[in-house]
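Input: a single structure, listed below in structure tokens.
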Amino acid sequence: MATLQECKVKVDGEPKLSKNELKRRLKAEKKLAEKEAKQKELIEKQLSQAAAAAATNHTADNGVGVEEETLDPNQYYKIRSQAIHQLKVSGEDPYPHKFHVDISLTQFIQEYSQLQPGDHLTDITLKVAGRIHAKRASGGKLIFYDLRGEGVKLQVMANSRNYKSEEEFVRINNKLRRGDIIGVQGNPGKTKKGELSIIPYEITLLSPCLHMLPHLHFGLKDKETRYRQRYLDLILNDFVRQKFIVRAKIITYIRSFLDELGFLEIETPMMNIIPGGAVAKPFITYHNELDMNLYMRIAPELYHKMLVVGGIDRVYEIGRQFRNEGIDLTHNPEFTTCEFYMAYADYHDLMEITEKMLSGMVKSITGSYKITYHPDGPEGEAYEIDFTPPFRRISMVEELEKALGVKLPETSLFETEETRKILDDICVAKAVECPPPRTTARLLDKLVGEFLEVTCINPTFICDHPQIMSPLAKWHRSKEGLTERFELFVMKKEICNAYTELNDPMRQRQLFEEQAKAKAAGDDEAMFIDENFCTALEYGLPPTAGWGMGIDRVTMFLTDSNNIKEVLLFPAMKPEDKKETAAATETLESTTAGPSV
């Protein structure tokens, strides 16, 4: 803000400000100076109290720290850091090595919730631990804490009469603030109003929180902060914890389901000389010792099929894939999939397995085959998704012809330039965007997305893809130009992809060569030729079916999340603004470099 003196002169030929504007600015300057002086006075007072607390173990506000809550976060951090430093100087360790917990907060609540109001079990002493979310004083000798952990809350009713000594009672309660992690040794009981509590004999500070914790009443709603500081999100928002519990249940269910079918869980490389197994753009890394580029895996498929060649008939893997593509509501550069390969099976068998797995999973986790989903967020329209088997099945080309109202060329001609031109013209006529290169496979994919996928609310198998879209799938046994492949769509999004595997090494090499031509034409997502895999096929791959499912998208449906970042603990985020980062660093340095008291 310009000072009054600055306002009295012309700058770069600009006219002087009016008298009223000068008065307004002078008044604003005075108000700002008063505010800064008041804040400085408050900081000095708090620093003085912090030093006094460490020396005398007593403060005027019973240790609740109400005035501290009025400070800005940086001031609060500075005061708290110096108070903790003072504890260390006085010989006390605010970060003890160990605190033995007898019973979890959840177990405590389950075991003692039947107590009657006013009960106090003095013959039972237990140890619990958790994070303080609220602190309330009722006079000088009774302080209440809300202790949270494991998604539950337990009240701590600290009374000087029950504490090991009044001096210790004052000392510990002066130290504690919202956000601190504490250990509590005490007796189960209930207040006269019926609030289940632990009545402490001793409280131990286990790890102080140096930052001002947002109040649960207001919560943490800013999505940028929630995703960048997931630890804070988990501290304040229990619904986030519940989402990741559901995610863990999904993975556990899949693993158990496949184990019972006799599948062997395996691990395959995440860095490869050649990226393969899917049509996608890979990440490139560099290996110093080998002096060569390596690719982060986009899919584990080729390794799995080589293991089936080796005689392991049923294999599966749950792990991360990496694709150097866009970030949006349903895509993250690294994501989790489950893939399995089953010898002596075809895509019809996998449709049945998919129905059993998904319907059973939804019923097991939610208690019903039907779920409610909000694709546009909690405030948007709600859809009911029914996972009751069997799922709807449609043939891709036949259904696309119906939706477009046109007769497409015979599928045996889909690899011709004439078909590509027809599809190109249809996309133009229907205003369907397709960035170059406008290959037949890409044009088909855009048309299917625009006209078929949008009809798939309940689980729907889109089957029998053209061969030009499926370089690793086996040709259809009765429909020339098509493959025995399906994709499962739910709420317009693909969650599964599977097919009868191509096991003819000559045909596989030919398709790889066609993919190489597409890559040379500018298609970054086309596949490389993998000679090692082709050689493995020459030893004989039995009739096999392969399947892949995105864990993240399934989790989105079962947790009613419309953004993939909600179901990833640490999603990919754009870097923060450099100026903001520098300012934050400068602030941190200034608060940590201050003198100790």
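The count begins at 1 with the first shown residue.
Quick reminder: no glycine exception, Cβ is built from N, Cα and C everywhere.
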Out of G276, G277, G367, G377, which does Swiss-Prot tie to the same substrate site as E301, E339, Y341, N497, E501?
G277
How far apart, in angstrom, are the most distant Cα atoms among the ATP-binding residues R323, N324, E325, H331, N332, E494, I495, G550, I551, D552, R553?
19
Which same-chain residues, if any, lie at least 6 apart from S207 (phosphoserine) yet have Cβ under 8 Å of it:
P94, Y95, D180, I181
Nearest to E325 (ATP binding site) by Cα distance: which of the recorded positions K141, G277, E501 is it?
G277
Close in space, distant in sequence - R323 (ATP binding site), Cβ under 8 Å, 6 or more apart
A278, A280, K281, P282, F283, I298, P333, F335
Show, in sequence order, which residues other than G277, E301, E339, Y341, N497, E501 on the same chain lie with their Cβ within 8 Å of the centre of the Cβ atoms of the substrate site.
A299, P300, L302, H304, K305, L472, A498, G546, W547, G548
In Å, how large is the greatest distance between any two Cα atoms among G277, E301, E339, Y341, N497, E501, the listed binders of substrate?
13
Which same-chain residues, if any, lie at least 6 apart from Y341 (substrate binding site) yet have Cβ under 8 Å of it:
E301, H304, K305, L307, V308, R314, V315, Y316, E501, T544, A545, G546, W547
